[in-house]
Each structure stands twice: as structure tokens, then as C-alpha cells.
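**Student:** Swiss-Prot lists these features:
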- 70-104: repeat 'PPR 1' (REPEAT)
- 135-165: repeat 'PPR 3' (REPEAT)
- 166-196: repeat 'PPR 4' (REPEAT)
- 197-227: repeat 'PPR 5' (REPEAT)
- 228-262: repeat 'PPR 6' (REPEAT)
- 263-297: repeat 'PPR 7' (REPEAT)
- 298-328: repeat 'PPR 8' (REPEAT)
- 330-364: repeat 'PPR 9' (REPEAT)
- 397-431: repeat 'PPR 11' (REPEAT)
- 432-462: repeat 'PPR 12' (REPEAT)
- 463-497: repeat 'PPR 13' (REPEAT)
- 498-528: repeat 'PPR 14' (REPEAT)
């Protein structure tokens, strides 16, 4: 094979769009020449394998065929294992090369350190001995490992050792403080930084958004002397993740007006923000804009679109995208499609899809259990929960238990409910406010108001929804006195009653024969609704 043809094949290999295409080109190189046995060419092919996520047996075969692998081909293999989340293989390769007296370089050391997880910090002494601590890329990974697996103070000690700090050193340290929730130190270090760059500003925006301080996040965003698309994405994500859809859309419109070109991540954030609204009209407008802008729809954008259509109950559009994705489907895609079916009450299609999934996680199980519970099939929800435990591929979490407790409540089966509570206790599953509300609902529906009240009193923070759960229970049982006491407590805590609150209170007064109290409560309502007037008709 001529050198020109060999170079051409190598260039074509780097442009291969699928693994079968790469396989064919590789076969040609093997048939006509022994070049793949050389480190340079093997390195290029392994890089293609990484990009196309080729099977590990195939990539390893290429690596093993190299007669004398140099540092470039070894680094390519490190990168492949890292991209494929094969941490153990990274460490095995490191051990093999070390035995041969070949140590990683500044490029591969970070991959090895990350793969070692919490043991990555043990590489610090070796890194310093080999002189790689001078490389910002290497020392930044060590600092990040301390933040993730030990403490931010340990990372700060490494930071303080650096005589000539780069911007990346400051940014890793500031980010570390945010990860540990230390806003004060993050702000202090940001102000100490000799020159704030785009990354440091973006880290601050992300940090404030993470602690739900969107006012300061926006202040830092507006103060930025120069913004990148990543900065815009950070602010957009802050709004979207905290439920401020309108603010996210306004900012996105500003972005377009100023001529900043959104990337795929931007579109995923904006689409996800619109998903919270579940507004078909907004969905149509966004899809039209995406078509006009000729957005490149990668698998992440398509998955976000699928989820948005599913939440708008447009199951046909969601299914069309699901089918288009083909082999690009991931767990998020499958779970979004299953949730779409459960949302419209089509549990048969949801179950069929679940049964054909190549791989499941806890979200997959939770989607089906919640679907059965919310669609009036409580017994099937419990049965499916038992299947989840039996299969053992996913461990039930807090979300699982909320649906299971709700199902027990609908069945008014306190004996089963007690078994579920015992399971929660034994498996140390912590319940949030939604979990406590489900527990209150379960006891209330089963008629055990004392236990429902006890759980309510255990809640660290109560909101109007928590109160309404208990109000509804008291109303159903006609306990007017306890209802009035609870209303007083609610107001003492500064929580404003809503429509549901007053309907439950008036219903309880009606059933308990508390005519005067009911009339007094009715007069205190600023804008009574039809439900409230209906309750008063019963009180006369």
C-alpha cells in the first residue's frame, strides 16, 4: 500500500461516523500493511474507537497488537477506558505499565487519579516526586479529588503550596468551596483572584444558583465584562432548575437578540425549562424556532424534546422522536417515554416498554410504580414494588416509597402500610416533606388520625400542602374541634390558608355540627369560592 493511500485511509478513519465504517477501514489497513501494529497508527485508530464508543474487546485488540506501544498509544488507551467509564481497566493498565518502568505523563496522570476515586489523593507524593505538580492540569485534578473525597480544607492546603498560581488553580478552589456550600470563602477567594476570567465568573454564577440565590447569580452575570455561551447556559440553568421558567425564557430571548449563538446544551436547558410548564402552545412555538434556526439535534436535544412532548401529553410526537433515536436511546430516553405513557394513563404501553428495556435503573421502576399508584391501580403498584425488591437490580429510594405509601393509602390497608414503614426504617430511607405527606395520607385514609397527627408533628418544616393533607383527613372523619385547633396553629406559624384549607375546615365544621364556628371561618375568607358557598349551604 502506498504512503498516500495509507494516509488517506487514516484520514477517512478519523471521519468515520459509525463503528462498522471504522471496522472496514481498519480491515483495509491490516490486509495491505502492518501499520496498525505501529504506535502512531494504533493511537489514531484507538482515538476513533473512543469517539465512536467501540466495543472494549475490539479496542483492546488494537492496543495489544502494537509491538512496542509508546506513551501516545498508552495515553489513547487511558482516554478510551476513561470515556467508557472503565476505571478498573485504567488502573490495571497503569499497574502493567508501571511494572515495565513506564510511568504516566502529565496527560495520562489525571485520568489515572480520577479513576482511583477516593484513593486518587495517594498519588500526590508520586506526582510531586516526578515533577508533574508544576502542571496545572495534574495538580487541579488532585485538588478536585480532595474536594470530592476528603475535605475542601485539604484542597486548600494544596492550593496554598502553589507558588505561581494559574487561573485554573483559583477556579478549582472556588468551585470546591461552592461544592461544600461555603459561599463566604468562595466569594472571598473570587475577590482575591488577581484577574477574574470567564470561567471564574461562571463558577460564581453556578454556585449562587446551586444555593438558590438567583438574585446574586444574576448580579454576577450582569457584571461579567465578557460572557461566553457557557456563562449564558449557567444563568439559564439556574433559572430553569429553580422553576423560574419565565425568567429563563426572557434571558434566552436576550441571548438571541444580542446575537449569541446557542449550543446544544443551551437548547437542552431551554427545552427542559419549557417542560415544567407543560404548555402545548409554548411547545409548538419552541419547536418552530428550533426548525427555523436549523438546530443540530443530537441525542440530548432529542431526548429533551421527547420529554417536553410527553409532559404535554403529545405521546405521538414523543414516540416519533423515540423511534428516530434508535440505537442512540439511553436510560433517560426510555424513562421519559415510560413516564409519558403513565401520564396519559396508558399503563399497558408503559409496561410493554419497561419489559423491553435493555437496562433499567431506579427511575424506570419508580415511573411504573407511580403510574400504577396515580392511575387507580394501587394493588399493581404494590405488586410491582415487590418485583423491584425481588429483581434486585435497583434499590428502592425515597421517590419509590412516596408512591408505595400513596398506594397503601388508597387501599386503606394499614397493616400493609406498617410493613412498608418497617421496610423504610430497616433500609434507612430518609423521607422528605413529600414522603411525610404520603405517610400522613396513608394513616389518615386508614382511619388512624392519631398516627397521622404524630407524623405531622414530627415534620421539621410544614407548608400549606402538609396542613391540607391533615385537614382533609380531619374533615373526612368529622373532627371539627381538632380541625379548628389545627387552623389556629397554621396561622400562628405564619402559613396562609388556601382554597383547599377552607373547604376542608368548613366541611369538618359541617359534619361536627359546629354552625357558629363555620360561619365565623366563612366570614374570614376574603374571596369565597363556589366550594365554600356549597359548604355554607350545608351548614344552614
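Cβ from N, Cα, C; glycine included.
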**Student:** Can you work out which residues elsewhere in the same chain, 6+ from the ends of the repeat 'PPR 6' (228-262), have a Cβ less than 8 Å from its Cβ atoms?
**Tutor:** 198, 201-202, 205-206, 208-210, 212, 214, 217-218, 221, 269-270, 272-274, 276-277, 293, 295
**Student:** What does DSSP give as the helix, strand and coil breakdown of the repeat 'PPR 4' (166-196)?
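**Tutor:** The repeat 'PPR 4' (166-196) comes out at 23 helix, 0 strand, 8 coil.
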**Student:** Is it possible to list how many residues within the repeat 'PPR 9' (330-364) are helical, extended or coil according to DSSP?
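**Tutor:** Counting residues per DSSP class in the repeat 'PPR 9' (330-364), I get 26 helix, 0 strand, 9 coil.
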